[in-house]
Amino acid sequence: MADSENGGAAKRLKTDAENDCGDAGEPVSDSLVSDFEISRILRDCAREKNIFIHGKVKDQDAVLILEKTPIRQDTLSELLKSSQLKLEMKNDVYSTYQLQAPAHLNEIKTTVVCPATEKHVKKYLHQEVFLVEESGEDYRNLTLPYISSQCFSVQWVHNILGKKAEADRIVFEDPDPDTGFVLLPDFKWDQKQLQDLYLIAIVHRKDVKSLRDLTSEHLPLLTNIRSKGEDAIQRQYSVPPSKLRVYLHYQPSYYHLHVHFTSVEYDAPGCRVERAHLLSDVIQNLQTDSSHYHNRSLAFPLRADDGLLLKFKEAGKV
Ligand code: M7G
């Protein structure tokens with residue numbers, strides 16, 4: 001993306017003040033962080049500049065995610081003018097400094113899951129990963145019974161669809177009960193810059209769990225998400241379809257159909273080939289064969305302590 005395009009579009013992103021608001025009437029709770037008692041580090045990454053911490057808030061299990069945000073082009077001059085510099089070393093033409101930026105230009109994106117279930121804790125714990133190949137039959141015999149008993153609550157999704165949460169963050173909605181969806185920023189994106197643009201389209205239908213349930217019956221839904229989702233992102237952020245990676249996860253974490261829209265230049269978590277299925281490929285596969293996703297084998301990664309991996313092992317499939 002050209003800098004000028006980026007800067008222009010960034011100006012239309014939500015302001016800090018808008019971002020900091022909770023849902024209507026809901027005060028933002030500082031104590032979730034100040035009362036957080038650290039138990040252990042689940043994962044940290046110096047390159048991604050984030051850390052995932054398991055702990056307790058008032059006796060409740062919680063996960064705290066801290067992440068340094070990218071440096072914003074639209075606040076660069078302010079950053080340079082208003083920061084303090086501390087020289088670390090100087091040698092010939094080289095010098096290094098510690099730059100102390102004013103607080104509002106030095107934020108840490110913070111996510112809290114509280115109360116957190118054991119599954120949340122496992123999701124964020126760094127673990128060995130295995131690739132599993134699931135046939136259509138494996139899905140029906142092993143995966144479906146497992147996810148029906150074990151999967152994450154999708155209450156947050158129902159809250160979004162029912163406008164009980166994040167209503168002020170909705171970028172676009174098509175209310176049609178069969179082909180409609182809500183498009184809003186993913187909670188991984190702080191909306192402060194376009195480099196890591198990340199939105200999700202959540203379908204209104206509640207009867208489609210994942211890629212595996214899709215048949216040609218769902219083509220109007222999928223094509224609608226692609227065209228109206230792309231149009232809405234172009235309008236709101238001036239990001240054209242050619243700059244977007246639009247895909248579904250298999251396995252998803254949440255079994256209510258949703259589609260990820262990320263910047264094509266952003267190496268988003270979960271965008272690798274073993275988990276991401278481009279929406280355009282999904283549409284074409286269903287146009288060719290309505291039962292493509294019922295029958296074909298799908299590969300996906302599972303963490304070492306995932307109960308589903310154990311099911312595949314017990315069945316002699318891994
Ligand atoms: P997924 O493919 O089911 O699993 O995607 P993943 O989390 O392993 O990628 C669900 C997507 O929904 C992810 O990109 C999450 O970051 C996002 N997400 C999860 N929650 C709980 C929320 C939420 O409460 N609000 C919003 N806006 N996004 C969420």
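Every residue gets a Cβ built from N, Cα and C, even glycine.
TrEMBL entries are annotated by machine, without manual review.
Taken from TrEMBL as is:
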type     : residues                                : note
ACT_SITE : HIS258                                  : active site, nucleophile
BINDING  : TRP156, GLU166, ASP186, LYS188, 249-260 : substrate binding site
REGION   : 1-26                                    : region 'Disordered'
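When the binding-site residues LEU257, VAL259 are compared by the number of other CB atoms within 10 angstroms of each CB, VAL259 has the fewest. Only HIS249, SER253 of the binding-site residues listed as HIS249, GLN251, SER253 bring a Cβ under 6 Å of any atom of ligand 1; the order follows the sequence. In the shown protein chains, 15 other C-beta atoms lie within 10 A of the C-beta of TRP156 (substrate binding site). Spatial neighbours are here defined as Cα atoms within 10 angstroms of one another, and by that definition the residue listed as 'active site, nucleophile' has no neighbours among the binding-site residues TRP156, ASP186, GLN251. Summary for the binding-site residues GLN251, SER253: the Cβ-based neighbour count within 10 Å is maximal at GLN251. Neighbour counts of Cβ atoms within 10 Å were compared for the recorded positions HIS249, HIS258, and the top value is held by HIS258.
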